[in-house]
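Heads up: the structure comes next, in structure tokens.
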């Protein structure tokens, strides 16, 4: 049986995936399936570097703006919706180009997820109560003991992910890092071509720092202010990189220069983690963002498109 074909474009934040993806998709007659875990949310536009209305008018995008900011959305939701979108593209004879930097979402789409049936509601409720009574620092210390690998890569203030990791390890007896490492599953629904974008480290870091400044110039603070009018600061997207630092500034817990500096610093660390994740996948072929013609030649051969 011939599996349907899907091309994937990955890379760290700020490497230039959007511009490259638009160029490739236009040349191929492809449509883009988003694989960024924050761009799925409505109302989070500037701080997620979501493709603009003009960019979306050039190439049709899928899996953008599919969830409200306070709605539960995870890798399993993403994989289900992305597979539906890709099936629709295949029915129409349109090449799918999956684009993003959220490794777990891409892995869920291409290889399935570990099962979380054992993650019990009572564990979640108990942890929420312990958070209120003991504070986040105590829960983070417990996570450091139970799952040091996950604790090491989480920010001590990342409430959502700390609780999620504790929930999994306490309900299943296995660290979430171990479960995620075992993602090589049963089900490989597609034939894939994986392309990765990378830049020299200092150039990438410079682009990250500049992008944070540009987002602020484009009104990122106003975006966060509007979100805080409608949603509590504890919702998952407002705990995300950059957003949580601007929330801290707006709640007068952090001076703006420090919020900007922390956002830049943590984004650089995040980019490094993304590259570590993607570099572990031997199927990814790596390119400089300027090598669009080389990527296009590979994609045309893969999809059988001589365009």
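Think of each number as a place in line: the chain as shown, counted from 1.
Every residue, even glycine, has its Cβ placed from backbone N, Cα and C.
A quick note: this is a predicted structure, and the numbers were derived from the prediction, not measured.
Taken from TrEMBL, the feature ATP binding site applies to 11, 12, 13, 14, 15, 16, 17, 18. Residue density at residue 15 (ATP binding site): 24 other Cβ atoms are found within 10 A of its Cβ, drawing on all protein chains shown. Classification of residue 15 (ATP binding site) by DSSP places it in coil, neither helical nor stranded.
Proximity of residue 14 (ATP binding site) to non-local residues of its own chain (separation of 6 or more, Cβ distance below 8 Å) is seen for 49, 204, 207, 208, 211, 267, 271, given in sequence order. Residues or ranges marked as substrate binding site in TrEMBL: 13, 14, 15, 16, 17, 18.
The annotation region 'Interaction with substrate tRNA' is assigned in TrEMBL to 36-39. Residues 47-51, 63-65, 75, 78, 100-102, 104-105, 237, 240 of the same chain, all 6+ positions outside the region 'Interaction with substrate tRNA' (36-39), place their C-beta atoms under 8 angstroms from a C-beta of that stretch.
The secondary structure of residue 102 (site 'Interaction with substrate tRNA'), as reduced to three states from DSSP, is coil rather than helix or strand. Within 10 Å of the C-beta of residue 102 (site 'Interaction with substrate tRNA') we count 20 further C-beta atoms, all protein chains included. For 102 (among others), the entry in TrEMBL reads site 'Interaction with substrate tRNA'.
The Cβ of residue 124 (site 'Interaction with substrate tRNA') lies under 8 Å from the Cβ of 163, 167, each on the same chain and at least six residues away in sequence. Marked as site 'Interaction with substrate tRNA' by TrEMBL: 124 (among others).
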Close in space, distant in sequence - residue 13 (ATP binding site), Cβ under 8 Å, 6 or more apart: 49, 101, 208, 267, 270, 271, 274
DSSP residue counts for the region 'Interaction with substrate tRNA' (36-39), split into helix, strand and coil: 0 helix, 0 strand, 4 coil
Cβ-Cβ neighbours of residue 12 (ATP binding site) (radius 10 Å): 27
